[in-house]
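Undergrad: OK, Swiss-Prot features for this one:
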ACT_SITE  Asp114  active site
BINDING   Glu40, Glu65, Asp114  S-adenosyl-L-methionine binding site
BINDING   Asp150, Thr188, Ala189, Phe190, Glu191  substrate binding site
Amino acid sequence: MALNGEYAHVAFDELRAPLNKGKWRSDVFKADAAMPLDVEVGTGNGTYFAHHAKTHSDRLLVGLELKYKPLIQSIRRAVNAGCKNAAITRFHAFNIDHLFAEGEIDNVYIHFPDPWTSPKKPKNRFVCKENLELLFRLQKPGSFINFKTDSLVYFLWAMDEIRQSPYKIIFETQDLHNSDMKDQNFETAFEKIFLREGIKINFVRLQKI
């Protein structure tokens, strides 16, 4: 497996990844302790993952992805782009506190997670009050979370959860591509599909004050 072979130095399975907790900068990236460390929850095929790593070479990036094929696609894109600041792990985001120590991470990106729209499935949604409280402890003050989804049902539900969390809402829209944030936005592969189908993109930015 590439997780323990070709990409072993930048791709970690469920057993190896927690060993980096509190030590991602020093042990994985050999970077200065002050260098920002961002996290993408659910990298998909890695278009945003590689873009972020390449355009923000002054920041580190760790991706979380459960599915093996997109995980490898993601790290391969970053490596092929010459990025030395990206790593990825096959790990369930609900257990993200097993990967990072309190105050270890900076910005968090959550793009188009499964909306779990079945009436019995909201408990599986990652953006919820409990996980936001968890992320709040892991992030440095001043850091933000970007959350994008095509599902208005999930977005409205998540906004209720967000308002019960410690985060401050910096920007919120139900139509990202007709908002003041459109020029700052990078379109993911899923996003391009949704836009072609005429689906509006919901977006919120939260900040740890």
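Glycine too: its Cβ is placed from the backbone N, Cα and C atoms.
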Undergrad: Write down the Cα-Cα distance for Asp150 (substrate binding site) and the residue listed as 'active site', rounded and given in Å.
TA: 10
Undergrad: In the three-state scheme derived from DSSP, which category covers Ala189 (substrate binding site)?
TA: helix
Undergrad: For Glu40 (S-adenosyl-L-methionine binding site), which residues of its chain lie six or more apart in sequence with Cβ-Cβ distance below 8 Å?
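TA: The list for Glu40 (S-adenosyl-L-methionine binding site) reads Tyr48, Phe49, His52, Leu61, Val62, Gly63, Leu64, Val108, Tyr109, Ile110, His111, given in order along the sequence.
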Undergrad: Where's the emptiest Cβ shell within 10 Å among the recorded positions Glu65, Asp114, Asp150, Glu191?
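TA: Least crowded of the recorded positions Glu65, Asp114, Asp150, Glu191, by Cβ count within 10 Å, is Asp114.
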Undergrad: Which are the residues of the chain, Glu40, Glu65, Asp114 excluded, whose CB is within 8 A of where the CB atoms of the S-adenosyl-L-methionine site average out, their centroid?
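TA: Here the nearby residues are Val41, Gly42, Thr43, Gly44, Gly63, Leu64, Leu66, Pro70, Ala93, Ile110, His111, Pro113.
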Undergrad: Beyond the listed site residues Asp150, Thr188, Ala189, Phe190, Glu191, identify every same-chain residue whose Cβ lies within 8 Å of the center of their Cβ atoms for the substrate site.
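TA: Not counting the recorded site residues, we get Gly44, His111, Phe112, Lys148, Glu187, Lys192, Ile193, Phe194.
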Undergrad: Validating a neighbour-count step here. Other CB atoms within 10 A of the CB of Phe190 (substrate binding site): how many?
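TA: Excluding its own Cβ, Phe190 (substrate binding site) sees 18 Cβ atoms within 10 Å.
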Undergrad: State the Cα to Cα distance, in Å, between Ala189 (substrate binding site) and Glu65 (S-adenosyl-L-methionine binding site), rounded to an integer.
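TA: Rounded to the nearest whole number, the Cα-Cα distance is 16 Å.
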